[in-house]
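K.L.:
I'd like to ask some things about the structure below.
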Amino acid sequence: MVSNVNDMLAVNIAGIKMKTPVMTASGTFGFGLEYSDFVDLNQVGAIVVKGTTLAPKAGNSGRRMAETPAGMLNSIGLENPGVEEFIHTIMPRLAKYDVPVIVNISGNTVEEYGQLAARLDKTGVAGLEVNISCPNVKQGGIAFGTCPDSAAQVVREVKAKTTLPVIAKLSPNVTDIALMAKAVEAAGADAISLINTLLGMAIDIHTWRPVLGNIVGGFSGPAVKPVALRMVWQAANAVKVPVIGMGGIMTAADAVEFMLAGASAVAVGTANFVNPYAAVEVAGGIRDYLTERGLNQVSQLVGKVNCG
Amino acid sequence: MAKTCVLAQIIENSVIAGDVFKLIVTAPAIAGIARPGQFVHLRLTDQLDPLLRRPLSIADCHAANGTLTLIYRVVGRGTMLMTKLQPGDTVDCMGPLGNGFTLTGQRPLLVGGGMGLAPLVMLAKAFCSRPATILMGGRNEQELFWPNMYAGVCPNIHITTDDGSIGYRGFTIDVLPGLLEKEKFDVIYACGPHVMLQGVAAIAAKYKIPCQVSLEEYMACGVGACLSCTCAGTSGKRHKVCTDGPVFWAEEVAW
């Protein structure tokens with residue numbers, strides 16, 4: 001029985017112990033250090049760092065961001081300094097904080113995912129999020145994330161090469177999200193996170209050209225929340241492993257919706273760009289909500305939407 | 001002191017010319033430490049549309065009374081909403097962000113095009129003891145309200161307009177080589193459209209004069225997390241315009 005007010009937000013996702021259920025979504029919080037002037041990183045549930053690849057990656061050229069009504073499109077293309085730079089330079093600085101660090105990994109081949117998983121073992125990271133769903137890269141993106149067999153293959157390879165908890169991040173750009181969720185669960189995923197960005201596009205009517213250099217990009221922000229919520233609900237009903245819900249969460253009320261839909265934890269993404277304190281404020285708001293409702297543990301919300 | 005988010009109160013929000021506005025806000029925590037070339041990131045409303053903050057260069061800064069002056073042109077929904085701000089209203093102001101200009105040299109030349117002239121006001125003031133010369137360009141006379149802003153700060157003002165309605169007819173980069181040959185400037189600071197900065201960088205390299213440029217890019221976070229605003233660097237690495245810049249030495253940028 002948990003009743004201590006300090007414990008009411010604590011969650012354990014596949015062995016990753018978090019002080020609050022509110023994580024930061026990959027690609028939206030840098031390596032966390034970028035926000036350390038604003039936020040006490042010790043108060044964040046978990047930091048999911050930028051998508052990391054074996055070799056450094058320059059990302060896409062041309063314009064990389066476009067604002068849309070209540071949302072944004074990005075086509076960063078996984079720019080990152082590579083796994084060695086992360087391990088040697090960035091992780092030692094993150095290790096000074098009392099916060100689980102989860103590395104989002106991305107490969108061009110199944111083997112590369114395995115190499116990344118092996119390399120990150122015993123480096124102090126708390127878990128791996130397998131990015132089988134980045135819409136902005138030609139290889140290793142949609143090909144893995146939209147086919148149940150290849151998604152499962154990647155997860156199996158990663159599981160074979162690491163002792164760390166493995167979270168499979170699903171793409172929303174599929175017909176049947178429950179099918180994908182079951183496939184990665186069967187392959188051994190310890191948890192599932194969703195959604196990654198939706199594939200989107202914007203066109204400049206003055207030049208008749210696409211706004212983004214990459215033509216298409218990942219659509220995120222509060223505009224995508226209803227889609228994300230529906231998919232989290234469908235996925236959570238299809239699997240037994242914990243689901244981490246994300247997609248347009250700006251407030252505690254948004255987060256509570258995701259938890260009622262079946263998410264055991266949530267991540268804020270685009271909200272960080274607008275409000276650096278979002279992850280901490282959302283957690284505080286969930287605590288207030290629980291208190292008002294007379295609940296003493298955040299897990300009491302999980303999956304409690306009444307569809308009857 | 002570090003970068004912070006504060007609720008900044010509007011002191012003044014007035015039209016300077018056409019669709020250009022001057023916004024003065026009280027933000028002591030930022031005004032106390034801001035340097036020329038840095039910027040602030042404004043959140044205008046708690047509504048979700050427009051969603052993102054708006055980056056604005058700091059045109060002037062009074063540490064003593066804690067105010068920042070921002071000059072903006074109405075270009076879209078966000079800046080249109082900004083025009084509605086009234087004295088007494090507040091905006092969420094994040095700053096000071098980015099790296100500013102490096103103040104070196106005894107004979108600085110400032111080159112500004114269009115709204116790129118905004119951050120150079122604060123820079124020119126920083127050079128007061130060794131007055132800066134400024135070369136400014138715009139589309140037409142109506143857009144060239146800037147000499148008023150630089151009056152008493154830059155004793156020598158050179159003007160170009162695209163249509164010749166005031167000053168030399170043409171671009172700043174047409175006039176720049178002649179100025180460099182006539183006077184012994186030892187550093188150039190430039191801010192304006194990309195094509196102008198590219199031209200200034202090439203001319204500065206030709207005349208072997210150190211040159212800093214302030215770049216503008218679409219950005220979301222403003223703190224180096226999202227990587228929306230990166231630009232190619234000559235070292236092979238990409239630079240973050242928001243945190244490595246917006247001010248760069250011209251030779252750092254792969255034009």
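Cβ atoms here come from the backbone N, Cα and C positions, even for glycine.
Because TrEMBL annotations are produced automatically, they should be read as predictions rather than curated entries.
Okay, these came from TrEMBL:
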DOMAIN    B:3-103  domain 'FAD-binding FR-type'
BINDING   B:Arg54, B:Pro55, B:Leu56, B:Ser57, B:Ile71, B:Tyr72, B:Arg73, B:Gly78, B:Thr79  FAD binding site
BINDING   B:Cys221, B:Cys226, B:Cys229, B:Cys242  [2Fe-2S] cluster binding site
K.L.:
Cβ within 8 Å of the FAD site centroid (B:Arg54, B:Pro55, B:Leu56, B:Ser57, B:Ile71, B:Tyr72, B:Arg73, B:Gly78, B:Thr79 excluded): which residues?
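P.N.:
Going along the sequence, the neighbours come out as B:Leu42, B:Leu70, B:Met82, B:Met115.
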K.L.:
Which number gives the other C-beta atoms within 10 angstroms of the C-beta of B:Cys226 ([2Fe-2S] cluster binding site), all protein chains shown included?
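P.N.:
Result for B:Cys226 ([2Fe-2S] cluster binding site): 28 neighbouring Cβ atoms inside 10 Å.
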K.L.:
Taking DSSP three-state, what's B:Thr79 (FAD binding site) in: helix, strand or coil?
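P.N.:
Note: B:Thr79 (FAD binding site) is helical by DSSP.
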K.L.:
What number of additional C-beta atoms lies within 10 angstroms of the C-beta atom of B:Cys242 ([2Fe-2S] cluster binding site)?
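P.N.:
Summing over all protein chains shown, B:Cys242 ([2Fe-2S] cluster binding site) has 28 other Cβ atoms within 10 Å.
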K.L.:
Could you tally the C-beta atoms, other than its own, that fall within 10 angstroms of the C-beta of B:Arg54 (FAD binding site)?
P.N.:
22
K.L.:
Tell me the coarse DSSP state (helix, strand, coil) of B:Cys226 ([2Fe-2S] cluster binding site).
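P.N.:
DSSP assigns B:Cys226 ([2Fe-2S] cluster binding site) to coil.
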K.L.:
Tell me which of the binding-site residues B:Leu56, B:Ile71, B:Cys221 sits in the most Cβ-dense spot, judged by other Cβ atoms within 10 Å.
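P.N.:
Of the binding-site residues B:Leu56, B:Ile71, B:Cys221, the most buried by Cβ count within 10 Å is B:Cys221.
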K.L.:
When each of the binding-site residues B:Leu56, B:Thr79, B:Cys221, B:Cys226, B:Cys242 is checked against chain A, which show a C-beta distance below 8 angstroms?
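P.N.:
Listed binding-site residues meeting the cut-off: B:Cys221, B:Cys226.
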K.L.:
So, three-state DSSP: helix, strand or coil for B:Leu56 (FAD binding site)?
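P.N.:
Strand, per DSSP.
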K.L.:
Among the binding-site residues listed here, B:Arg73, B:Thr79, B:Cys229, which has the most company in the form of other Cβ atoms within 10 Å of its Cβ?
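P.N.:
Of the binding-site residues B:Arg73, B:Thr79, B:Cys229, the highest Cβ count within 10 Å belongs to B:Cys229.
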K.L.:
Nearest by CA distance to B:Cys229 ([2Fe-2S] cluster binding site): which of the binding-site residues is it, out of B:Leu56, B:Ile71, B:Arg73, B:Thr79?
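P.N.:
Its closest listed neighbour, by Cα, is B:Leu56.
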K.L.:
Write down the Cα-Cα distance for B:Leu56 (FAD binding site) and B:Cys242 ([2Fe-2S] cluster binding site), rounded and given in Å.
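P.N.:
It is 11 Å, counting Cα to Cα.
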K.L.:
If you compare CA-to-CA distances from B:Cys226 ([2Fe-2S] cluster binding site) to each of the binding-site residues B:Leu56, B:Ile71, B:Arg73, B:Thr79, which comes out shortest?
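P.N.:
It is B:Leu56, whose Cα lies nearest.
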K.L.:
Find the longest CA to CA distance in the recorded FAD-binding set B:Arg54, B:Pro55, B:Leu56, B:Ser57, B:Ile71, B:Tyr72, B:Arg73, B:Gly78, B:Thr79; express it in Å as a whole number.
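P.N.:
Spelled out: the longest distance between any two Cα atoms in B:Arg54, B:Pro55, B:Leu56, B:Ser57, B:Ile71, B:Tyr72, B:Arg73, B:Gly78, B:Thr79 is 15 Å.
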